[in-house]
Amino acid sequence: MKIILILSIFLICFLQLGQSVIDPSQNEVMSDLLFNLYGYDKSLDPCNNNYVECEYINTTSTIQTVKSLSLGAPLHQYVITQDLTPLQNLTSFEVNEKIYLTSSFFNYINKFSQLERIVTYSLNLTIPDDTIFPAIFETFTIYKPSVPLSKVIFESPIKNLYVDSPLTGYSIPTLVNVNPYLGNLQLPVTYYSGFPSNLSQAFPNLQYLAIYVNNDMNQNNYHNFSISNIGVFKNLKGLDIEFTDSDNPQEFSIHSFLSNVPIIDNLYIYGQGVTIDPSVGIIDLSYINPKTFLKIQIQQTSLLNNCKGIILKSPKKASFNSYYNTFSYECIDFSNIADFSDYYNDYEQYLPNIDNAPLLTGVDIYQSVVVGDIPESYCRINYLSLYYNQLNGTVPSCIQCLGGVKGGDIVLPNPFLNFNKTTEPYCPTFKIDENYTHLVATDGTEKLIITGTNLGWDGNDITPIIANSKLGITIPKGVGTNKSITVTFQNGEQRTFNYSYVPPFIKSYGFLELDGHKYFTINGTGFDFVDSNNITINDQQITFDNAMGGGDNDGLIIFPIDELPNFATESKFTVSALVGGQSSNEVTFYYFNSINITEEKLVLNNTGGSVDINGSFGTNNTSLVSVSINGTNCLVTSYTNSKLTITYPSNQVGDNYVLTLNVGGYAVNLVVEYIEGGETPTPSTTPSTTPSTTPSSTPTQSPDDDGSTSSTLSTSFYLITLLFLIQQFI
């Protein structure tokens, strides 16, 4: 009997060891907290609560630790007074608006060494200025603050700060110290809050800025106020300015923000109240770097109301999107715009004049009060959509060519005089020019370009380059000459076009390692991307695999290095190719086992200059060495087999350049970035970041079925079982 009893006790202990339990110190504080918030039974495992997410301390442990708290609505308003420091592994902390934090929480917040994120849906205390946030703390989201924000929030290493829905008592502190960490900032502004005019100076690395302006003049004791910025936002990519709607909106001038954002790529303005300072005359955004492709979006705003001529000019290739705004198209300079869309504009007017808009490729106007004709100039727009407006004139010939069914998809419904859904296609002006280029690339990325009149927008294997006048016909991968393709145009016309693939052209050689195997490579154009390639090296025919790469880069063909004929270092060898019946150039190369450059990236001044390049170059024969950047030759002024000095040309700022070092035909590439002249060229070590978006405005609950927690039998169950067995054997 004693043996059975001992075995039973052992079995119970063994089973208990196999179950997961929360860390005892965390269990005490969590049980008390959940009981006070939700009446949660203290005998239950806190990790099984929907508001708690736990994880095992490590892969072999049965002990769990609290990783995330998303505390939803409590039974009643509650102030957290418990000491939460036992939750040492907490990474995310979210509290409902009826749950309040105390200053003591922020006094020990630095003890949460893994804490990355806090979301509080109410803030009724000013965080102490001596608060020290954890080193890895990234995101602080505050809803409904009713107290002044502490300057420590703005001076801490937080990367993302989002503030929303302020209440009476909210204010923004004066910014004194520079904070290089903050990357994303969302900040509400009221008449009483104040606003720092040195944002760009205080946060030099800010990438996303959202300003929510409460401009409701109906509120008691509200008066006109304005906000401004001194300095340049050197790294700002996104700017969002939103105004609360009201019957009596306040008017703002935002020119100081829009005139100091040189690399912005997204501008969003919402709500009544934003205006352009009359003394400025025009918001000229053309200074913004065109490589950012700025997207301008305005919604339900008075920005362009009552303009007198042009008041907005964009950078090159920008897109302009308008929703529920009432303005004249004469307010906008279309010369730099690439895409234009306007939805629900109640201002009665004709379509925009696009004669001086050479970059415009897309026009989308929907449910707006545009009247009159569609001019012939709109036939060149690649992406055209004009339906559900009030156009009551005539359509151009390119639309007539398509008829009511296909053309109607672009411009109907509208009450035109000469066009409806039943209109038959009529296209006497359809014409294809005979003088097109008959040569195309073998990699399938190049199109056969044709020109003409009223060619339409698309068709099978057809894409518009300039709608109706210049189209590209997709040609598949292939090789050889005397090929043909038959295409059907949008108006139903069929035509056959003849073409040939470019002959092979050999540029250089190199080496490549794939899956542990080393290959000899030949670089060039006109290789076969479908089947093998016939290459002659020193009069010996060798079959290389089908080509790789292509597109913006040269093609690449490979052959196993251990099957290649043996060459002495710096010995000559000739290479030629026969692809699709077409012969390549014959080139003479010099063989080297290895050529390499030490630098991983080269950073150069955009004004041009001189730079050293280190590596192993295989020879002292300078006649075999050449250097180029994106095809432009550089002057080699000094050379040894381990170091060379070049004079390089000027270029626009950017990181899309490639330096090619060619030693006897062996080519090695190196990424090059051009920076503003005057800056010291150094390798870039700063990692790229992605602006965060505004977080959800509602608390989230952690599901209990995601594998992070497991249901456990309570200790009381085992004790009851043990007592029962003991009683049976006494």
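Backbone N, Cα and C define each Cβ position, glycine as well.
Over in Swiss-Prot, the protein carries these features:
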type	residues	note
COMPBIAS	680-711	compositional bias 'Low complexity'
DOMAIN	504-592	domain 'IPT/TIG'
CARBOHYD	Asn58	N-linked glycosylation site
CARBOHYD	Asn89	N-linked glycosylation site
CARBOHYD	Asn124	N-linked glycosylation site
CARBOHYD	Asn198	N-linked glycosylation site
CARBOHYD	Asn224	N-linked glycosylation site
CARBOHYD	Asn420	N-linked glycosylation site
CARBOHYD	Asn435	N-linked glycosylation site
CARBOHYD	Asn498	N-linked glycosylation site
CARBOHYD	Asn523	N-linked glycosylation site
CARBOHYD	Asn534	N-linked glycosylation site
CARBOHYD	Asn596	N-linked glycosylation site
CARBOHYD	Asn605	N-linked glycosylation site
LIPID	Ser708	GPI-like-anchor amidated serine
REGION	678-711	region 'Disordered'
REGION	683-694	region '3 X 4 AA tandem repeats of P-S-T-T'
REPEAT	683-686	repeat '1'
REPEAT	687-690	repeat '2'
REPEAT	691-694	repeat '3'
SIGNAL	1-20	signal peptide
Cβ-based isolation winner (fewest other Cβ atoms within 10 Å) among the glycosylation sites Asn124, Asn435: Asn435
CB contacts for Asn498 (N-linked glycosylation site) [other CB atoms within 10 A, all chains]: 12
By Cα-Cα distance, the member of glycosylation sites Asn58, Asn89, Asn198, Asn605 nearest Asn224 (N-linked glycosylation site): Asn198
Shortest C-alpha distance to Asn58 (N-linked glycosylation site) - which of the glycosylation sites Asn124, Asn198, Asn498, Asn534: Asn124
DSSP-derived structure type at Asn523 (N-linked glycosylation site), helix or strand or else coil: strand
Spatial separation of Asn534 (N-linked glycosylation site) from Asn605 (N-linked glycosylation site) - C-alpha basis, Å: 43
Rounded inter-Cα distance in Å - Asn420 (N-linked glycosylation site), Asn534 (N-linked glycosylation site): 58
Structural state census, the domain 'IPT/TIG' (504-592) (DSSP three-state): 3 helix, 51 strand, 35 coil
Residues satisfying Cβ distance under 8 Å from Asn89 (N-linked glycosylation site), sequence separation of at least 6: Glu55, Ile57, Thr65, Val66, Lys67, Gln114
Cβ neighbours of Asn534 (N-linked glycosylation site) where a neighbour is any other Cβ within 10 Å: 16
Other CB atoms, at most 10 A from the CB of Asn420 (N-linked glycosylation site): 14
Asn89 (N-linked glycosylation site) in three-state DSSP notation: coil
The repeat '3' (691-694) [mean pLDDT, rounded to integer]: 33
